[in-house]
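A.B. asks: The signal peptide annotation in Swiss-Prot covers 1-23, and the record cites sequence analysis as its basis. Annotated disulfide bond per Swiss-Prot: 86-97, 110-128, in sequence order. Residues or ranges marked as phosphoserine in Swiss-Prot (evidence: similarity to another entry): 90, 138, 139, 166, 175. For 179-204, the entry in Swiss-Prot reads region 'Disordered'.
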């Protein structure tokens with residue numbers, strides 16, 4: 001029995017060695033890679049938000065890694081962001097800025113997908129759930145990414161973008177007419193209070 005177990009262990013070691021030598025990429029996910037991906041995600045938010053202050057990340061964690069090729073992969077990350085005391089046009093590194101204090105300081109929990117190729121960040125997509133700055137307990141979601149379209153101001157801090165082409169399609173007009181004639185089920189006297197995801201592209 002012991003000899004059989006040793007034989008199986010030896011076969012397992014040889015098998016893993018074979019796959020490593022057969023060209024399958026082996027990645028070492030050190031903390032610096034995670035910091036770089038989080039930094040790129042925060043930079044995407046800061047580049048497309050309308051807040052006069054920079055946001056800084058806190059409590060980041062790696063959720064998933066997808067190998068795309070021999071030298072490329074994507075990382076799914078979850079992290080929090082909070083507004084800092086540094087002005088957006090100050091040129092400061094958000095990681096060196098102090099967080100603003102106060103109960104109503106803008107903050108959010110975000111999930112991002114960062115594509116890395118040849119050890120360089122190639123693409124970043126971020127989705128954040130923002131806590132409301134009002135006295136209500138409502139929240140809203142925003143999507144930050146590089147999608148072509150025109151911008152429309154959505155609130156004091158963030159921009160939600162809707163491609164112009166979708167507004168010119170007959171299907172879009174028919175959908176609006178259907179919504180006017182047949183409101184969604186539930187209490188028809190009050191608007192829908194569920195937060196909606198918004199797409200942010202950064203193009204004016």
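Here the Cβ of each residue, glycine as well, is placed from N, Cα and C on the backbone.
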A.B. asks: On the three-state reduction of DSSP, what should I expect for residue 86 (disulfide bond)?
C.D. replies: strand
A.B. asks: For the disulfide-bonded residues 86, 128, which one has its C-beta crowded by the most other C-beta atoms within 10 angstroms?
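C.D. replies: Compared across 86, 128, the most Cβ atoms within 10 Å surround 128.
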A.B. asks: Secondary structure at residue 128 (disulfide bond) (DSSP, helix/strand/coil)?
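C.D. replies: DSSP assigns residue 128 (disulfide bond) to strand.
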A.B. asks: Near residue 110 (disulfide bond), which residues of its chain come within a Cβ-Cβ distance under 8 Å, counting only those 6 or more away in sequence?
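C.D. replies: For residue 110 (disulfide bond), the qualifying residues are 41, 45, 78, 79, 80, 81, 126, 127, 128, 129.
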A.B. asks: Could you list the residues of the same chain, at least six apart in sequence, whose Cβ is under 8 A from the Cβ of residue 97 (disulfide bond)?
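C.D. replies: Non-local contacts for residue 97 (disulfide bond): 54, 56, 84, 85, 86.
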